[in-house]
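What Swiss-Prot records for this protein:
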- 14: active site, proton acceptor (ACT_SITE)
- 42: active site, proton donor (ACT_SITE)
- 14, 41: Mg(2+) binding site (BINDING)
- 14, 15, 16, 17, 39, 40, 41, 42, 130, 144, 225, 240, 304: IMP binding site (BINDING)
- 300, 301, 302, 303, 304, 305, 306: substrate binding site (BINDING)
């Protein structure tokens, strides 16, 4: 009987999920994306060669692994085809192994135009969107007016729906945002070109998943972004437009929760965030600059500098509960090498001096909260590339143990560098 494993982020994204998915796919028959779009950026380093994936599951670099894009993913055809071409130029046979659900909502040019126009109009109150049309595409889906991948293969039906959508969205673009209208014929012609290229990769992803399950194959579900960016459970409104938590798996792929055997939560040994929104442990001093420089904290998708801060046990406890995490993977431990003192946030103090140990449920509730820290000794020795727990300095092992105690979940994997081989596996999710 096969095992079905989930890999998802427990912070604000950028936790290092891509590397871990790539590592674990050695045992998987298939890897599935179930939410988000090409706003995700999963970086993989294999034998020193760096690859950044946005839409295609990270299992694509493992020979023979089937890669599936479930119905919960919003697909920008132009971005997907560019990504396919780049991989094929490296000799990866993407079209033979990638399957896409026809129920995926489409991201088209008017979504991108709306996304960027709105963010521009917000000024200083901007959310920090990647400007790639993700939010507007999900809006169309929920409003039941959106075009889906499967519509591409029915020209007349597609053209009629596209005309209605452009009437609606161009009215906003021109009259409210004072931006140029999107051309109907140009958009239609582009989409018909996409249709020819995408058609061979279409599949009923839900049916494929259940066929694999019945055959006893191991399946991996790859989350994008992080739990605190979830549209329902994140720091609203500074969130993404999809369910980044474990609940998104069933709705975004058609694979029910009772079939899942293990949920691996990825967390950095410190905390980062891209864009606007609450960040209680954010550092504006030399330590914050040290973490950013040592950790190469720049977004794989946008190139934006990430905000850096100390490890926050409060938000991680919330993520563990929401996702029913089986075990954690602690990444970027090596970035902390050389710090004399390391701090862990164990609670938040409000204006009245009361200490809160539960994370607030919206962004405004974070206002005025100050982090309560516990200090631990750092270590001067290098942890880079360590392969066993015994290879780590005693202070690093103590830090790992304390994190486990504070969040109430075991750390089953420790990442000590960017390469897939620079990893300590204490308990394998597929074991």
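Even glycines carry a Cβ here, placed using N, Cα and C.
The recorded positions under consideration are 42, 304, 306. Their Cβ neighbour counts within 10 Å are lowest for 304.
Residue environment of residue 130 (IMP binding site) contains 22 other Cβ atoms, counted within 10 Å of its Cβ in all protein chains. For the binding site of IMP, formed by 14, 15, 16, 17, 39, 40, 41, 42, 130, 144, 225, 240, 304 according to the record, the largest Cα to Cα distance is 34 Å, rounded to a whole number. The residue listed as 'active site, proton donor' carries a strand DSSP state (E or B). Between the alpha carbons (Cα) of residue 39 (IMP binding site) and residue 303 (substrate binding site) lies a span of roughly 12 Å. Under 8 Å, Cβ to Cβ, and six or more positions away along its own chain, residue 225 (IMP binding site) finds 9, 12, 13, 36, 39, 40, 240, 242, 244. Its own atom aside, the Cβ of residue 303 (substrate binding site) has 8 Cβ atoms within 10 angstroms in the protein chains shown. In the three-state DSSP classification, residue 130 (IMP binding site) falls within coil. Here the binding-site residues are 16, 39, 41, 305, and the one whose Cβ sees the fewest other Cβ atoms within 10 Å is 305. Cα separation, residue 130 (IMP binding site) to residue 41 (Mg(2+) binding site), rounded: 11 Å.
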